[in-house]
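Novice: Got a structure here, written out as structure tokens. Questions coming.
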Amino acid sequence: MSSPAQPAVPAPLANLKIQHTKIFINNEWHDSVSGKKFPVLNPATEEVICHVEEGDKADVDKAVKAARQAFQIGSPWRTMDASERGRLLNKLADLMERDRLLLATIEAINGGKVFANAYLSDLGGSIKALKYCAGWADKIHGQTIPSDGDIFTFTRREPIGVCGQIIPWNFPLLMFIWKIGPALSCGNTVVVKPAEQTPLTALHMASLIKEAGFPPGVVNIVPGYGPTAGAAISSHMDVDKVAFTGSTQVGKLIKEAAGKSNLKRVTLELGGKSPCIVFADADLDIAVEFAHHGVFYHQGQCCVAASRIFVEESVYDEFVRKSVERAKKYVLGNPLTQGINQGPQIDKEQHDKILDLIESGKKEGAKLECGGGRWGNKGFFVQPTVFSNVTDEMRIAKEEIFGPVQQIMKFKSIDDVIKRANNTTYGLAAGVFTKDLDRAITVSSALQAGVVWVNCYMILSAQCPFGGFKMSGNGRELGEHGLYEYTELKTVAMKISQKNS
């Protein structure tokens, strides 16, 4: 059976006007307590799009207070039927579909995303994920347990409470939905901090949340910086859980703050240096295409990027040649322009970090096959770059680059490549390309990664749990397991006069 047809991609919205730039608390728009604002840039032009209210600890305190009030026993949210929560989430998904063109245009302008990708993948994936979570709202069940003695025992899955949610800049809207969807489905309230680089789609979503009919205080959105607003959420004594997607370095700080405060629950989806293993029997054209997509999609700004390509010795040269040909086909430019394959990196800091790592690859002896520098005179663009003859000890083989840079390494045996693939502090994703079923199962079982793709790469769906091993994070998002991350499991044991089977 063929996949459902994708919707036609319209032209981006012309003359975009940003309507929402304030802090959203209790279904109302607020200025920051400090009176500060911060600029939001278009990374393709380096121009300021608008200025947004800069939330900090005082604003987070207000948002948490509103979220706590909305979570009180007897509140409209706590007494709402679970099926009604699902209806509200479906209504929100419908409003996203209505505003799909607007949201995709904002993602492209604010986040540097190729517009077609934003419209099809980011919006399509966000809407599907929200509808998936909506369907779970009245299907989160406890159990009855046949315990010993004259005792009737059952379990309840209850919402945790006030959840702080810190969103990354690489997939601002998709990660916003991955966070709020499960949390709201289970009956929690949330305080969301979008990334300071990309707050605009989250703030538009705030207007849709109010329009959909969510009670005041259920969703609160505080734009601001990590060291101020993010730290305030992580260390807040009245936040019951924090979820974060971003770098491992910041994830460590969040987990430390959670432990030092009230030992709040923590879900972390962090960095990666994901291996992609291509055996000689693989369909090489398919492997080249998926490996290319796996590292160059969204300018390489993906936590699951296939940033270590291991290719069996006998097909190595052909794989490199085909990969270079594929990378050279890329067209760079303004992501709103039709026919563009690659937009800019998110900001100057990321842009300069990528160029520094590329220089390290040159100095350490990797062979630069194509790219290797800045592109254009304006915007944070990096040329699609391919390195061959990469060895495991090079910086480009060990550090997360988060840019359009492909490292291709050679291997001789299955035992060798498994050992090398696992020789990293990360464990988020991996890919295996082979026609041998036994080999595919053996290697996928041996790889230390939260998701392993076989003969494909970067295939994500709302039905499947996603998360990392080792320093790539804790917990899971999406799927049934992702829902349960937003519940506490309570056992209730009742003394009765007589128990009967």
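Every residue, even glycine, has its Cβ placed from backbone N, Cα and C.
Per Swiss-Prot, active site, nucleophile is recorded for C303, and the stated evidence type is sequence analysis. If you look up Swiss-Prot, you'll see 167-170, 193-196, 226-227, 246-247, 269-271, 349-353, 400-402 marked as NAD(+) binding site. Among the features that Swiss-Prot reports, N-acetylserine is placed at S2, with the record citing similarity to another entry. Annotation source Swiss-Prot lists N6-acetyllysine at K91, K128, K252, K353, K367, K410, K419, K435, K495. The annotation phosphothreonine is assigned in Swiss-Prot to T337. Sequence annotations record features per position, and here Swiss-Prot assigns phosphoserine to S413 based on a large-scale study or a structure entry. The region 'Mediates interaction with PRMT3' annotation in Swiss-Prot covers 336-501, and the record cites similarity to another entry as its basis. Under the heading site 'Transition state stabilizer', Swiss-Prot lists N170.
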Novice: What three-state secondary structure does DSSP assign to A195 (NAD(+) binding site)?
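Specialist: In the DSSP reduction, A195 (NAD(+) binding site) maps to coil.
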Novice: If I take the alpha carbons of D352 (NAD(+) binding site) and K410 (N6-acetyllysine), what is the distance between them in whole Å?
Specialist: 28
Novice: In whole Å, how far does the CA atom of A195 (NAD(+) binding site) lie from that of the residue listed as 'active site, nucleophile'?
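Specialist: Per the Cα atoms, A195 (NAD(+) binding site) and the residue listed as 'active site, nucleophile' stand 15 Å apart.
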Novice: When the Cα of E349 (NAD(+) binding site) is compared with the Cα of each of the recorded positions K252, C303, T337, S413, K495, which one is closest?
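Specialist: With Cα distances computed to E349 (NAD(+) binding site), the winner among K252, C303, T337, S413, K495 is C303.
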Novice: In the structure shown, with every protein chain counted, which of the modified residues K91, K252, K367, K419 has the densest set of Cβ atoms within 10 angstroms of its Cβ?
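Specialist: Going through K91, K252, K367, K419 one by one, the largest Cβ count within 10 Å is at K91.
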Novice: Please tell me which one of the recorded positions listed here (N170, K353, K367, K419, K435) sits closest to C303 (active site, nucleophile), measuring Cα to Cα?
Specialist: N170
Novice: Compare the Cα of K495 (N6-acetyllysine) against each of the binding-site residues I167, N170, P227, E269, I401 and report the nearest.
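Specialist: Sorting the binding-site residues by distance from K495 (N6-acetyllysine), the top entry is E269.
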Novice: Could you state the CA-to-CA distance between K91 (N6-acetyllysine) and K435 (N6-acetyllysine) to the nearest Å?
Specialist: 44
